[in-house]
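Per TrEMBL, the features are:
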- Gly96, Ala98, Val99, Asn103, Ser338, Asn370, Leu436, Asp439, Ser440: Na(+) binding site (BINDING)
- Cys202-Cys211: disulfide bond (DISULFID)
- 42-67: domain 'Sodium:neurotransmitter symporter serotonin N-terminal' (DOMAIN)
- 90-108: transmembrane segment (TRANSMEM)
- 120-141: transmembrane segment (TRANSMEM)
- 162-190: transmembrane segment (TRANSMEM)
- 253-270: transmembrane segment (TRANSMEM)
- 282-308: transmembrane segment (TRANSMEM)
- 328-352: transmembrane segment (TRANSMEM)
- 364-389: transmembrane segment (TRANSMEM)
- 409-434: transmembrane segment (TRANSMEM)
- 466-491: transmembrane segment (TRANSMEM)
- 497-520: transmembrane segment (TRANSMEM)
- 541-560: transmembrane segment (TRANSMEM)
- 572-597: transmembrane segment (TRANSMEM)
Amino acid sequence: ETEPLTSKKDASDCSKGEDCKENGLVVRNPKSALRLVEDGSKVHPSQGDKGEAAQISNGYSGVQSSAPCNGEQQLMELEERETWSKKIDFLLSVIGYAVDLGNVWRFPYICYQNGGGAFLIPYTIMALFGGIPLFYMELALGQYHRNGCISIWRKICPIFKGIGFAICIIDLYVASYYNTIMAWAFYYLISSFTAELPWTSCTNPWNTGNCTNYFSKDNVSWSLHSISPAEEFYTRQVLQVHRSNGLDDLGGISWQLTLCLLLIFTIVYFSIWKGVKTSGKVVWVTATFPYIILFILLVRGATLPGAWRGVLYYLKPDWQKLLATEVWVDAAAQIFFSLGPGFGVLLAYSSYNKFHNNCYQDALVTSTVNCLTSFVSGFVIFTVLGYMAEMRNEDVSEVAKDTGPSLLFITYAEAIANMPASTFFAIIFFLMLLTLGLDSTFAGLEGVITGVLDEFPHVWGKRRELFVLGLTILCFLGSLATLTFGGAYVVKLFEEYATGPAVLTVVFLEAVAVSWFYGITQFCNDVKEMLGSAPGWYWRVCWVAISPLFLLFVTCSFLSSPPELRLFDYDYPYWTTVVGYCIGTSSIIFIPIYMIYRLVITPGTLKERILKSITPETATEIPFGDIRMNAV
């Protein structure tokens with residue numbers, strides 16, 4: 001046993017054979033100098049002390065050395081990494097990232113489509129054995145190794161470094177369409193500042209003869225060809241899809257949406273350009289405001305006539321659905337995309353934590369908050385759908401047939417427009433959508449920024465503001481296709497193909513690399529080093545077997561039956577499926593390309609190349625008081 005490295009000694013208290021502390025550094029005397037060194041995975045004791053290897057309290061071996069071995073050892077001196085100002089900044093950032101627009105529109109729809117209350121059983125099971133373990137794993141990896149999604153692989157399994165590049169490409173794809181949905185919400189927000197909301201009547205220039213306002217005081221009959229004013233406002237005024245013939249003829253660019261998106265990217269830039277110190281403050285608004293609005297809308301929805309019909313439809317269990325495979329696939333996909341591992345965000349955010357932060361507790365708290373938010377959002381949506389069904393004198397299933405963004409921008413917007421104080425509720429609702437989307441955008445771009453800055457510190461380390469500016473301009477230019485009159489078709493294509501199977505593949509390989517190559521024992525030792533106790537058998541079994549199988553199951557289910565895309569009255573042609581798979585493959589192709597590149601540039605025989613490529617090449621610094629140790 002040795003004296004703790006955090007013990008403090010004055011220079012005057014140093015005696016022969018003991019350590020001194022000068023200017024914040026531990027100094028060893030010539031007879032016993034503990035050098036914190038890096039030399040691949042080897043540690044070399046000095047000639048006088050070859051038999052003595054002190055066991056340091058972090059689980060790694062420290063050695064006595066008075067000089068470098070073979071000139072290969074060197075003392076690593078790295079700058080202190082930026083950390084969150086407060087713990088709550090980190091928690092709000094992770095919650096803001098995990099709770100996004102999908103919680104409001106995707107979960108309620110999937111829940112009632114797959115058995116209502118019965119769906120909560122597969123959802124909970126998939127969360128416990130798939131989603132939360134992967135969420136916890138990424139938080140622990142980022143916090144321990146303190147690197148972004150690219151450079152972290154040098155410390156885990158270098159041959160899998162292509163995963164980091166794939167993650168960055170996926171994040172750029174998401175930024176190219178996700179922010180366009182926020183631009184739609186921003187357009188609605190601006191349009192809401194009127195005494196009468198523009199999607200309440202059929203007397204506007206964009207309306208057609210099929211426009212039918214069944215909320216009017218006149219006796220209006222709803223026919224097969226009837227279109228609500230809210231739907232015409234969304235399709236003909238905001239999106240203007242009638243001016244496009246589909247993906248092969250997108251039409252011109254909507255200047256209104258372009259201005260909205262430009263303003264959104266401006267807000268994003270000035271929120272993240274300085275790092276987590278600034279974005280950690282912005283999320284105090286963007287992460288908390290949606291909960292205030294959700295509560296207001298929940299209370300309002302519960303007091304509407306017919307609200308009980310919507311709640312009953314939402315939660316009424318259909319136990320037969322549990323026997324269908326697609327229900328379990330939907331549950332797995334929903335919890336996975338809701339918690340959001342695989343986008344590099346959790347790695348980036350947790351890398352700015354203090355080393356001994358309790359990431360286990362963080363994982364449980366944030367994932368629980370995320371799941372509960374999804375569940376409560378269902379009540380917010382379905383109380384209003386019940387009200388709509390009551391007003392139309394139809395079944396809830398007829399009202400709830402809209403999916404995705406249409407559920408928010410058509411059905412919910414229409415319900416709000418016909419409530420008392422409609423202008424107020426419209427403003428706060430679309431403000432909520434904006435804030436839900438903003439912190440998710442902050443997170444996605446931070447995943448790319450941290451990954452690139454950690455990989456190329458000498459190029460971009462002191463130029464963060466310039467890099468973030470270039471990145472936001474790139475994302476804005478990449479979004480131009482989604483701002484066309486047929487942009488909604490592009491958004492749907494990217495949403496289904498650009499992220500889904502690619503992210504599932506990335507996280508599957510990440511789980512395999514950490515559990516099987518880096519080693520589950522080593523990973524658990526890392527967690528023990530941070531938290532003081534190693535993860536139990538439940539977590540180990542999930543990481544080694546259950547979570548990878550969970551990902552493989554969802555990926556194979558998706559690939560075996562690709563979605564047949566349809567938006568409004570447009571059926572996507574077959575060639576769009578091929579284009580979709582090409583977009584998805586364009587990101588994960590970096591993984592095998594880097595593996596081949598790595599094996600080619602590594603010297604030695606094939607066996608030696610493989611062994612070197614799967615062996616961590618860089619030490620992980622472990623902070624101990626005023627010094628930083630290298631785990632080798």
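Glycine is treated like the rest: Cβ placed from N, Cα and C.
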Cβ density check for Ser338 (Na(+) binding site), other Cβ within 10 Å (all protein chains) comes to 23
Shell list (Na(+); ref centroid = CB of Gly96, Ala98, Val99, Asn103, Ser338, Asn370, Leu436, Asp439, Ser440; cutoff 8 A) = Ile95, Tyr97, Asp100, Gly102, Gly340, Thr373
Have a look at the binding-site residues Gly96, Val99, Ser338, Leu436, Ser440 and say which one has the shortest Cα distance to Cys202 (disulfide bond).
-> Leu436
Who are the chain neighbours of the transmembrane segment (282-308) in space, where the CB to CB distance is under 8 Å and they lie at least 6 residues beyond its ends?
-> 89, 92-93, 95-96, 99, 271, 373, 376-377, 379-380, 383-384, 386-391, 419, 425, 428-429, 431-432, 435-436, 438-439, 442
For the transmembrane segment (541-560) and the transmembrane segment (572-597), decide whether they are in contact, meaning at least 3 CB pairs lie under 8 A, counting pairs 6 or more apart in sequence.
-> no
Tally Cβ pairs under 8 Å between the transmembrane segment (90-108) and each listed stretch (162-190, 364-389, 466-491), then give the stretch with the top tally.
-> 364-389
Ten-angstrom check, please: count other Cβ atoms within 10 Å of the Cβ of Cys202 (disulfide bond), all chains counted.
-> 17
Closest-packing stretch to the transmembrane segment (328-352), where packing means Cβ pairs under 8 Å, from 364-389, 409-434, 466-491, 497-520 = 497-520
Residues that sit under 8 angstroms from Ser440 (Na(+) binding site) by C-beta distance, when 6+ apart in the chain | Gly96, Tyr97, Asp100, Leu101, Tyr178
Averaged across the domain 'Sodium:neurotransmitter symporter serotonin N-terminal' (42-67), what pLDDT does the model get? Just tell me the whole number, please.
-> 35
Answer yes if the transmembrane segment (364-389) and the transmembrane segment (253-270) have at least three CB pairs under 8 Å among residue pairs 6 or more apart in sequence, and no otherwise.
-> no
